[in-house]
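The next block holds one structure in the form of structure tokens; read it before the comments.
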Amino acid sequence: MCASLGSILVLPVPRRSSVRSVVVVGAGVIGLSCALVLSERGWSVTVISRDDVGSASVDGSASVAAASLWAPTLVERSERVRQWAYVTLAELRRIAAAEPEAGIREQAALTLGEAAWTPDPWMRGFGGPVRDARADELPVGYGAGAVSVVPLIDTARYLPWLHARCRRSEVEVVHRDARSPADAAPDLMHGTPVVIAAGFGSGALVDDPSLTSVRGQIVRMTNPGLTRTVMVRDGALGPLFVVPRFDDVVIGGPSQAESSDIGFDEGLERDLVTRARAIAPALDDATVLGRAVGLRPVRPTVRVERERIGETDVVHCYGHGGAGYALSWGTAVAAADLVEQIG
Ligand SMILES: Cc1cc2nc3c(=O)[nH]c(=O)nc-3n(C[C@H](O)[C@H](O)[C@H](O)COP(=O)(O)OP(=O)(O)OC[C@H]3O[C@@H](n4cnc5c(N)ncnc54)[C@H](O)[C@@H]3O)c2cc1C
């Protein structure tokens, strides 16, 4: 039941004999992963969330809007991030094999480029091998591309699965707004640590101006039988991704820097659908199932650290940018280790 990388154990860790309480602010992929790791270690966990992220209709939540792939983007390129990504990869693969209902599967991804794709050194060795696409795999208008196989984490299945796993582990989820770390735990015993895992909302909670939002808009369509992800990273028209999942296809594209507008842009959706149909003509007859806007919490570095704020011991776990799913288990273990260091 456990995945390991070097000396890092993901799950499970032996239960503690005396139960201690901890509050986690945020019920996106980061908050729920932290809650689950802490609960598995024997902590009594209360999650506080402004929104019901388990519902697919929440606008602004990055976790709901993501498709999502194990492919860290918009995040610091450091050794610790690489390590968190590998820990998460191992755990996602373990979950995929053990619990199919979690909505994770390995899926081919074709990245289209003007020139032959050169692996980014930081990404080299991530996941499985990468090969050049054959000419018959390329859509009209593209001369080169690369094919890799990475886990797809179908957020429409994975988030409800995470919620259910938290419920089974007796994690309590309370829907309310927290105005500060102290406000998050008013009814609990003095000394209860608070994990700040509120995505873009963390900046206002702990007064962190270095946290910005990068807006992403997606449209979900019926799946006409696509089985392969297709991505354009750059190019004249900007990024585009077409991600077939278990029950739909998610189409998205531009990462709109420092935008916290969660309103829906109809023109952008028309453009995304037109471009997606050009590279995947089977989508011509597909119909729209839903849409979402998410704010990626971007920071120069992912914040996983301890801080004493007033009378409250805080563990930060936010700022995952475009890599929250790809880093979730790695940072949850790191945050739980910090909680356990609080005396
Ligand atoms: C279009 C798009 C595509 C993406 N694709 C990928 C991908 O392929 N792979 C990948 O790894 N990542 C991807 N990401 C990034 C990933 O989704 C995020 O990094 C991740 O979801 C961040 O999770 P989070 O839990 O920190 O934040 P969120 O999901 O935004 O959750 C924040 C939580 O905090 C709560 N909250 C906020 N403020 C407060 C408050 N004051 N009081 C109480 N609760 C509060 C909210 O209600 C919510 O529960 C994508 C994101 C987008 C938008």
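Just so you know, glycine gets a Cβ as well, placed from its N, Cα and C.
Note: TrEMBL annotation is automatic and uncurated.
Owing to the predicted nature of the structure, the values given are computational and were not obtained by experimental measurement.
Positions annotated as domain 'FAD dependent oxidoreductase' by TrEMBL: 22-338.
As annotated by TrEMBL, FAD binding site applies to ALA67, SER68, LEU69. Around the Cβ of ALA67 (FAD binding site), 25 further Cβ atoms fall within 10 Å across all displayed protein chains.
Per TrEMBL, D-dopa binding site is recorded for ARG296, GLY322. For ARG296 (D-dopa binding site), the same-chain residues 6+ apart in sequence whose C-beta sits under 8 angstroms from its C-beta are ALA62, LEU74, PHE200, SER213, VAL214, ARG215, GLY216, SER255, HIS320, GLY321, GLY322, GLY324. Secondary structure at ARG296 (D-dopa binding site), taken from DSSP and collapsed to helix, strand or coil, is strand.
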Mean per-residue pLDDT computed across the domain 'FAD dependent oxidoreductase' (22-338): 90
Beyond the site residues ALA67, SER68, LEU69: chain residues whose C-beta lies within 8 Å of the centroid, for FAD: ALA66, TRP70, ALA71, LEU152, ILE153, THR155, PHE241, VAL243, VAL250, TYR325
Under 8 Å by Cβ from SER68 (FAD binding site), same chain, sequence gap 6 or more: LEU152, ILE153, ASP154, THR155, TYR158, VAL243, TYR325
Other CB atoms, at most 10 A from the CB of GLY322 (D-dopa binding site): 22
